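What TrEMBL records for this protein:
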type     : residues                     : note
BINDING  : Cys80, Cys85, His159, His164 : Zn(2+) binding site
COMPBIAS : 212-227                      : compositional bias 'Low complexity'
REGION   : 212-237                      : region 'Disordered'
Amino acid sequence: LFFLISCRKSKGKPNGKKPAPEEKKLYLEPEYTKSRITDFEFKELVMLPREIDLNEWLASNTTTFFHHINLQYSTISEFCTGESCQTMAVCNTQYYWYDERGKKIKCTAPQYVDFVMSSVQKLVTDEDVFPTKYGKEFPNSFESLVKKICKYLFHVLAHIYSSHFKETLALELHGHLNTLYTHFILFIREFNLVDPKETTIMDDLTEVLCSSSGSSSNGSGNGSSNSAGAQNHVKER
């Protein structure tokens, strides 16, 4: 796994060595970003239909995204190992898992994804959280739980692009990945489910994929410059 790391002090004290070139992001190549499995207008698809309860809509879509993202990750899971992905990293950001007591856990990418999928599976199958029976109400904490789920699912999607796009290409599944990502991003934007600061790391891809899908430029207008400015420093979350 390639990390873009540099020291701040090196900027003021040149040592005669040329800085390492920034790794080219394969997933931004036009020949690949154009690939979709459908040209459907996702902006219309994510909008809340009339006479549909908001929580029902959030529950249905969140559950569907969970299953599709889990399936997409499973296609490259054999390449995502403790050796190849020793940390849960996306470009210049390293993610940590926090257990139920709030303890910070450094783990490999496959461990992190397993934590995500196990915890989300537990939530979406819990009748007290995602009720499926008529007349049963959603908990007061439902929206905050959906936001938490979507944040973690975004991390998984971003990791696939950042670390396993070559394998996705080899399997000819990049069209599926692009379609899933576009749909997911427009959905979380429509209902403000994930803080734009959280998704800034993939703003360059979001701008390319969603600009032709009726997406507003919400938080993405200066995303590329923000991202570029942070490329030389590893962040932790």
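Backbone N, Cα and C atoms are what each Cβ position is placed from, and that goes for glycine too.
Of all Cβ atoms in the shown protein chains, 21 besides its own fall within 10 Å of the Cβ of Cys85 (Zn(2+) binding site). The C-beta environment of Cys80 (Zn(2+) binding site), restricted to residues of the same chain at least 6 apart in sequence and closer than 8 Å, consists of Tyr73, Ala109, Pro110, Val113, His159, Ser163, His164. Within 8 A of the CB centroid of the Zn(2+) site residues Cys80, Cys85, His159, His164, the other residues of that chain are Ile76, Phe79, Ser84, Ala109, Pro110, Val113, Ile160, Ser162, Ser163.
The Cβ of His159 (Zn(2+) binding site) has 23 other Cβ atoms within 10 Å, all protein chains considered. Within 10 Å of the C-beta of His164 (Zn(2+) binding site) there are 23 other C-beta atoms, taking all protein chains into account.
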